[in-house]
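According to Swiss-Prot:
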- His328, His368, Glu404: Zn(2+) 1 binding site (BINDING)
- His441, Asp488, His490: Zn(2+) 3 binding site (BINDING)
- 171-206: coiled coil (COILED)
- 99-115: compositional bias 'Low complexity' (COMPBIAS)
- 147-170: compositional bias 'Low complexity' (COMPBIAS)
- 179-196: compositional bias 'Acidic residues' (COMPBIAS)
- 205-215: compositional bias 'Low complexity' (COMPBIAS)
- 216-227: compositional bias 'Basic residues' (COMPBIAS)
Amino acid sequence: MNPFVNLFIQHSKKQIFLNNNKNNILLNFNSKLYSTITYKNNNNNNNNQIINNKTIMKRKNNEIIQTEEDDDNDNGGIHDCDSCDEVDNEEIIPESPPSKKLQQQQQQQQQQQSKLKPKQTSITDFFSPTVKTSKADKISPFFSNVNNASTTNTTTNNKNVNKKTTTTTTTKKRNNKDEENEDDNEEEEEEEEEEEDKKSKKKTTTTTTTTTTTAYKKKSSPKKKKVNPTENKFSTINYKDDQYVQKEEYSSSKKEKLENVKIGGHVSIKNGYPTLIQSVVAQGFKAVAFFTNPPRTWKHHTVKLDDSIKFKQSCKSLNFDVNCILPHGSYFLNLGSPNKENLQKSRDLMIHEMKNCEILGVKHFNFHPGSHLNEISESESIKIVAESLDYILERTKDVVAVIECTAGQGTNLGYTFEHLRDMIALVKDKTRVGVCLDTCHMFAAGYNISTKSNCDVIFQEFDKVVGFKYLKGVHLNDSKSTCGSKLDRHENIGKGHIGTPCFKYLVNDKRFQNIPMILETVGPYDQEVKLLYSFIEDDDKK
């Protein structure tokens, strides 16, 4: 059986259809496609060679030899169709060999075509353009002209067998040379790429070495700073069992100050009373303030006995001085109110809060005296405050009622030392009455305590008018408002109009020792506590 191949070449789209047995193969190339299908037939019919896709079949002495495996055809690469039987009956008439001139012309044409021929791309899905042959018979490709391609080429191919054999040898040599040239070009390109890679590696190594050297220079060990032995090391404070004991040894006078100056802050009780003292000690507090009742309500909240027991135990275990606990009263309290209903509410609420202090074992309770509301005079309102204190002290035990000075905002009482003096003077049991000085309130009320000299004068006046024996607490606040503005606006220590001299004066004056000094600033309190303790001076070095 002889294969019958129909070539349909479309010049516009440059497509080739091969109809071979049951398979239709469509090939698309970006340029001219040169395909080769050779057919050799001798008169003895000893050898029949079929080239189909990737297979070359031989028929010799009624034996089929398959040179390559075929994965695409179902028939195992055997070409079998009825149309091919008709071709077997035709006779092939060999032509005389061509002359030398014709051979030279053909070679020149082939060389010109080879220059125009693009590089062949491998198509794994179909078959490679270069046809593989057996060792016995090597068949060279036949380059057909696309413009003159038609069905007549099949008959001319059968007639020009000798012509093919002569031309195939020349084309084989040319193809081998082309392949060698392509291999040489590929080798040269590979060598160039290797050289470029080496250069790039050298560059990267140089850059890495430079970066490592620069990084090494940057990572050089820093020079150690020389420490002066005379430098003040007070900034390092230990907050363990020995509170505020410094790493360096101090004189006895400074140690006494560190032990007797009681600084703390106003904290929340949202985490409960049992853990309150532990938390404030961890922040370096030696004094503390809190609300025993919500500050903006008339409702009464009673401290639980279990909480009070744990609170007392924590105070004893941590050696926390109970006299330095100064709870704050509700903002609704107005013991000088001209309104009888509100006056009674205020008295009942303060009684309840002072009883909470009794349950906790606390000995002092701080409150704002109230206001006259422009309905009565200041002196009349001060008398009502004193009467309210007598009423409350008769119904409570042991707890001292501590009157806080005010900024004089609105119609508030207590913005002068004389107001405080008159209230105390009218109270029957003076042992249970005390005073709390707020630095911001004093400054806003007109007491300019921004300098040390002014502090000397003002606190001497306080001692004459009221007396330090009634001083039970101090609120440490800087002021956002100016002196005499009568605006109660707290600021962090050293950041307001008062400045640090006043607070340095307070922590170094013995008259303020063992008195709770409470911060009511925005915080954080632990940093401000350290700052205030750093203001303590050594009297022996003066």
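Note that Cβ sites are derived from N, Cα and C of the backbone, with glycine treated the same way.
Sequence features annotated in Swiss-Prot and their locations in the structure.
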residue : record                : Cβ contacts under 8 Å, 6 or more apart
His328  : Zn(2+) 1 binding site : His266, Ala289, Phe290, Phe291, Pro295, Asn366, Phe367
His368  : Zn(2+) 1 binding site : Gly329, Tyr331, Leu333, Glu404, Thr406, Asn412, Gly414
His441  : Zn(2+) 3 binding site : Glu404, Cys405, Thr406, Ala407, Tyr415, His475, Asp488
His490  : Zn(2+) 3 binding site : Cys440, Asn477, Asp478, Ser479, Lys480, Glu520, Thr521, Val522
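According to DSSP, His490 (Zn(2+) 3 binding site) sits within a strand segment. In the three-state DSSP assignment, the secondary structure recorded for Glu404 (Zn(2+) 1 binding site) is strand. Compute the center of the Cβ atoms of His328, His368, Glu404, which mark the site for Zn(2+) 1; besides them, the chain residues with Cβ within 8 Å of that center are Gly329, Asn366, Phe367, Cys436. The average pLDDT for the coiled coil (171-206) in the predicted structure is 57.
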